[in-house]
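K.L.:
The Fe cation binding site annotation in Swiss-Prot covers His116, His120, Asp309 and rests on sequence analysis. The substrate binding site annotation in Swiss-Prot covers Ile139, Val140, Ser141, Gly142, Gly143, Asp174, Gly187, Asp191, Asn281 and is backed by sequence analysis.
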Amino acid sequence: MPPEQGPVVLGIETSCDETGVGLVRNGTLLGEALSTSMDQHARYGGVVPEIAARAHVQALVPCVRAALSSAGLFVADIGAVAVTAGPGLATALHVGVAAAKAYATALDVPLYGVHHLAGHLAADLVDGEPLPDPLIALIVSGGHTSLLRVGDLARDPITHLGDTLDDAAGECFDKVARVLGLPYPGGPAVDRAAVGHDATALAFPRPLTGRADAPYTFSFSGLKTAVARWVESHPDSPVPAGDVIASFQEAVVDVLTAKAVRACLDHGIGDLLIVGGVAANSRLRALAASRCEQTGIRLRIPARRRCTDNGVMIAALGDLLVRAGAEPSPAELTAMPGAFLERAQLGTALPALHAA
């Protein structure tokens with residue numbers, strides 16, 4: 001392989017219930033594989049960490065082999081390893097980090113521990129153009145809801161404009177779906193059940209959207225409670241269940257898109273990136289597209305298959321770090337279940353250019 005092509009980066013994702021593997025070189029996707037233990041968690045109504053960890057142990061090596069096979073490569077062709085070091089379920093993260101360290105050590109190649117949410121920001125780099133610098137990013141998933149200002153993803157610190165005070169948007173979807181008797185996972189179930197129904201049937205609250213509220217901060221626990229109370233107090237309501245679901249969904253995506261667009265306008269930034277599992281929601285995608293078109297903002301959302309957790313996004317981020325000349329993570333890299341998003345890479349000191 002000519003050196004100018006760069007190394008093949010193996011990406012490993014095991015932060016929750018998906019075992020994801022990707023192979024990327026110089027921005028090009030070479031191979032991928034994905035395994036999920038979602039069905040094993042459905043009976044419990046949520047992810048069970050021990051079950052997820054066991055599933056990762058069983059699926060990780062077969063996924064690496066499948067990705068290599070699809071790329072026509074051998075394990076010896078791997079030139080660097082990137083792995084989600086956090087945040088996520090501790091037991092699940094440990095499986096991925098241990099495997100990544102083993103591959104890096106056995107192959108004598110550099111190891112890059114990366115932040116799971118930064119991986120989402122890099123999710124469609126293999127499908128599209130490089131990310132604009134700067135941009136406003138809205139991360140919406142089961143565990144996180146944040147508005148960010150992002151510069152050079154591989155080099156610059158990430159600025160939080162606002163985060164959720166309580167439930168993340170995806171968590172709210174799951175909890176309300178349970179109240180409404182929808183199957184797990186709740187996000188896709190709500191999306192499907194709302195199709196063709198009246199999203200204006202019920203006026204559920206839009207939390208933290210008043211003039212005196214923090215403009216980029218989110219809160220969804222009150223909305224969740226409002227839906228639950230409405231359902232409890234209207235057992236014989238003539239309002240179709242689909243209208244209730246659509247009205248709830250509209251409240252969530254209205255808040256998300258309004259705050260994201262406002263952040264772009266307030267900061268004079270013309271590019272909005274929406275990522276995370278909830279970014280697969282059809283109504284969120286449609287409303288974001290409409291509002292961005294009205295305000296002249298360029299919208300970027302990954303393909304639905306790239307919104308949920310996967311190894312390609314981790315490989316793409318690792319590849320970006322390699323090409324930016326980032327220092328590898330130390331051999332002592334460990335899982336960081338509660339890692340806060342400040343930079344794309346975890347487990348390293350700040351670069352010299354940011355030193356005092």
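Just so you know, glycine gets a Cβ as well, placed from its N, Cα and C.
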K.L.:
Applying a 10 Å Cβ distance cut-off over all chains shown, what neighbour count does Gly143 (substrate binding site) have?
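P.N.:
Around Gly143 (substrate binding site), other Cβ atoms within 10 Å: 19.
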K.L.:
Between the Cα atoms of His120 (Fe cation binding site) and Ser141 (substrate binding site), find the distance and write it as a whole number of Å.
P.N.:
10
K.L.:
Determine, from DSSP, whether Gly187 (substrate binding site) sits in helix, strand or coil.
P.N.:
helix
K.L.:
What is the interatomic distance between the Cα atoms of Gly187 (substrate binding site) and His116 (Fe cation binding site), given in whole Å?
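P.N.:
For Gly187 (substrate binding site) versus His116 (Fe cation binding site), the Cα atoms are 20 Å apart.
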K.L.:
Please determine which of the binding-site residues listed here (Ser141, Asn281) has the lowest count of neighbouring CB atoms within 10 Å.
P.N.:
Ser141
K.L.:
Taking 10 A as the limit, how many CB atoms besides its own sit near the CB of Asp309 (Fe cation binding site)?
P.N.:
27
K.L.:
By the DSSP assignment reduced to helix, strand and coil, which category contains His116 (Fe cation binding site)?
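P.N.:
Note: His116 (Fe cation binding site) is helical by DSSP.
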K.L.:
Considering each pair of residues in Ile139, Val140, Ser141, Gly142, Gly143, Asp174, Gly187, Asp191, Asn281, all listed as binding substrate, report the largest CA to CA distance in Å, no decimals.
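P.N.:
Looking at Ile139, Val140, Ser141, Gly142, Gly143, Asp174, Gly187, Asp191, Asn281 as a set, their Cα atoms extend up to 18 Å apart.
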K.L.:
Mind giving me a neighbour count for Gly187 (substrate binding site)? Other Cβ atoms within 10 Å of its Cβ, every protein chain shown.
P.N.:
25
K.L.:
Give the number of CB atoms, excluding that of His116 (Fe cation binding site) itself, located within 10 Å of its CB.
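P.N.:
Around the Cβ of His116 (Fe cation binding site), 27 other Cβ atoms lie within 10 Å.
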K.L.:
Give me the non-local Cβ neighbours of Ile139 (substrate binding site): same chain, 6+ apart in sequence, Cβ-Cβ under 8 Å, ordered along the sequence.
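P.N.:
Long-range Cβ contacts: Leu117, His120, Leu121, Thr145, Ser146, Leu148, Val275, Gly276.
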K.L.:
Roughly how many angstrom lie between the C-alpha atoms of Ser141 (substrate binding site) and Asp309 (Fe cation binding site)?
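P.N.:
One finds 10 Å between the Cα atoms of these residues.
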K.L.:
Going by DSSP, is Ile139 (substrate binding site) part of a helix, a strand, or coil?
P.N.:
strand
K.L.:
In the same chain, outside His116, His120, Asp309, whose C-beta lies within 8 angstroms of the Cβ mean position for the Fe cation site?
P.N.:
Glu13, Ser15, Thr84, Leu117, Gly119, Ala123, Ser141, Gly276, Asn310, Met313, Ile314
K.L.:
Looking only at C-alpha atoms, tell me how far Asn281 (substrate binding site) is from Asp309 (Fe cation binding site), rounded to the nearest Å.
P.N.:
15
